[in-house]
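J.: Annotations per TrEMBL:
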type     : residues : note
REPEAT   : 6-93     : repeat 'Solcar'
TRANSMEM : 12-32    : transmembrane segment
REPEAT   : 100-203  : repeat 'Solcar'
TRANSMEM : 174-194  : transmembrane segment
REPEAT   : 212-301  : repeat 'Solcar'
TRANSMEM : 214-235  : transmembrane segment
TRANSMEM : 281-307  : transmembrane segment
């Protein structure tokens with residue numbers, strides 16, 4: 001991500017390490033984002049991010065904030081690896097004929113976002129079920145009127161149990177539910193993020209060919225990440241709703257992206273598409289800031305040089 005030349009293996013190691021550290025640090029905020037996005041009018045259990053986290057700790061304990069973290073920690077490394085490798089691949093081939101224009105940078109980001117959904121979609125599908133299980137359980141206790149009559153409380157399944165259930169009932173397509181919405185989120189995100197980061201970082205370069213100082217890359221990553229995150233938040237709300245399997249009796253179900261948009265606009269208004277936007281910005285900005293720290297320290301290069309000895 002920085003301007004200095006880094007080998008592909010080092011980039012993959014850096015991306016994986018940054019992802020693991022970032023997920024560990026900001027996962028509770030991501031959980032709050034999912035629960036805020038999923039609650040609908042008539043079943044509002046949480047009023048804000050802080051309210052969600054406080055209630056989660058009270059009802060599920062400290063580690064309740066990390067429901068679904070194992071899925072993210074397992075799959076975030078291949079997700080980052082695919083995204084970084086794909087972006088580098090497309091930027092390299094698009095710059096062969098001359099200068100890498102803004103349009104070509106956006107095309108490279110588009111390619112990277114398209115490739116990463118191979119891992120992102122099943123990861124998000126499993127993570128959302130685990131994150132939202134606590135909200136459904138809390139609704140049973142605090143808002144029994146939102147639970148269907150005769151519904152039996154069941155123990156929250158594990159990621160492995162969910163995977164087996166989805167594969168058994170719907171095949172591989174079960175893990176890729178919401179693929180279209182994930183593409184609609186991740187492709188525009190990458191189209192915005194990669195060119196914006198590159199151009200903001202370029203503004204702070206030392207001289208014509210010198211690299212940008214660390215703090216410039218850090219700030220550029222945070223600004224580009226949070227800007228892209230807020231820009232695509234409406235699609236993230238749609239994706240979260242489509243991928244959620246369990247709902248209260250008073251909550252809407254959706255047959256697809258268009259149906260989801262129509263019902264949200266009719267029942268909750270346009271502001272519902274901004275649910276969890278600040279949470280998402282708080283998640284994405286540190287993730288890319290941490291990535292810049294890892295790149296600046298050259299962790300991947302150090303590991304490779306140590307192994308080569």
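The backbone N, Cα and C atoms fix where each Cβ goes, and this holds for glycine too.
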J.: By Cβ distance under 8 Å, which residues at least 6 away from the ends of the transmembrane segment (174-194) in the same chain are close to it?
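T.: For the transmembrane segment (174-194), the nonlocal Cβ contacts are 83, 87, 105-106, 108-110, 112-114, 116-117, 120-122, 124-126, 163, 166-167, 224-225, 227-229, 231-232, 235-236, 238-239, 242-243, 256-257, 288.
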J.: How does the repeat 'Solcar' (212-301) divide up by DSSP, counting helix, then strand, then coil residues?
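T.: Here the numbers are 69 helix, 0 strand, 21 coil.
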J.: Using DSSP, how many residues of the repeat 'Solcar' (100-203) fall into helix, strand and coil, respectively?
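T.: Its residues fall into 85 helix, 0 strand, 19 coil.
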J.: If you average the pLDDT over the repeat 'Solcar' (212-301), what number do you get?
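T.: Mean model confidence (pLDDT) across the repeat 'Solcar' (212-301) is 88.
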J.: Per DSSP, what is the residue tally for the repeat 'Solcar' (6-93) in helix, strand and coil?
T.: 73 helix, 0 strand, 15 coil
